[in-house]
Amino acid sequence: MNNQKAVVVFSGGQDSTTCLFWALREFEHVEAVTFQYGQRHLEELHVAKNICDQLKVTHHELDMNLLNQLAPNALTRKDIAITEGDDGLPSTFVPGRNLLFLSFAAILAKQINAKHVVTGVCETDFSGYPDCRDIFTKSLNVTLNLAMDDQFVIHTPLMWLDKAGVWELSDQLGAFSFVKNNTLTCYNGLKGSGCGECPACQLRQTGLEKYEANRKKVRT
Ligand SMILES: [Zn+2]
């Protein structure tokens, strides 16, 4: 897959950062796109930009604030319980959000002449959205190719991994410490290991502990 160009859907969280490292291994030229949609914490955008700067990856920010018009509850009501969706976004967000994000990422890919779109969606850990399922991304892939008369390939390297598996992948990519220290998953906007209490931190921490326990077993 060398000698080709890829766009990574990137939030600055553990999953999409692991995808970014994966893409940097697989493709010669990688750019990242972050969707700005009124995140609870602007910090997310800074973190995403900062990671791209560190990795010397061109970073695109696309304004998706129109999503707020479709799902005001998720962003304005703090009493709604939040559980983690793909890419660390609140699960209370707009149904079909991933459909939109991937479509916009593909349009961007078309413009910069990239054939590959990489996303950290995953069926395993999340009860979540129908548009994170493998069958959906394959279906959208066909649709996007028809829509733009092109031969895009959507890659989902995390599709069948649990959180421990994502840590393992980052380790294989030589990015374990980087992901551990530089990414933001926490709903309270704290980088690295985060607040330790929100659902996103707990999921991340449980996965990390499981992976570290497995790693010890393998080594001893
Ligand atoms: Zn947290």
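In case you wondered, yes, glycine gets a Cβ from its N, Cα and C as well.
In TrEMBL this protein carries:
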{"type": "BINDING", "residues": "Phe10, Ser11, Gly12, Gly13, Gln14, Asp15, Ser16, Thr17, Thr18, Cys19, Leu20", "note": "ATP binding site"}
{"type": "BINDING", "residues": "Cys186, Cys195, Cys198, Cys201", "note": "Zn(2+) binding site"}
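Here the features listed in TrEMBL are placed on the structure.
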residue: Phe10; record: ATP binding site; Cβ contacts under 8 Å, 6 or more apart: Ser16, Thr17, Cys19, Leu20, Ala32, Val33, Thr34, Ala48, Ile51, Cys52, His59
residue: Gly12; record: ATP binding site; Cβ contacts under 8 Å, 6 or more apart: Thr34, Glu44, Leu45, Val47, Ala48, Lys49, Asn50, Ile51, Thr183, Leu184
residue: Thr18; record: ATP binding site; Cβ contacts under 8 Å, 6 or more apart: Gly120, Pro157, Leu158, Val166, Leu169, Ser170, Leu173, Ala175, Val179
residue: Cys186; record: Zn(2+) binding site; Cβ contacts under 8 Å, 6 or more apart: Gly194, Cys195, Cys198, Ala200, Cys201
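Taking a Cβ cut-off of under 6 Å from any atom of ligand 1, the binding-site residues Gln14, Thr18, Cys186, Cys195, Cys198, Cys201 reduce to Cys186, Cys195, Cys198, Cys201. Counted over every protein chain shown, other Cβ atoms within 10 Å are most numerous around Leu20 among the binding-site residues Leu20, Cys195, Cys198, Cys201. According to its DSSP assignment, Gln14 (ATP binding site) is helical. Here the Cβ of Gln14 (ATP binding site) has 27 other Cβ atoms within 10 Å, regardless of which shown protein chain they belong to. Classification of Cys186 (Zn(2+) binding site) by DSSP places it in coil, neither helical nor stranded. In the three-state DSSP assignment, the secondary structure recorded for Cys195 (Zn(2+) binding site) is coil.
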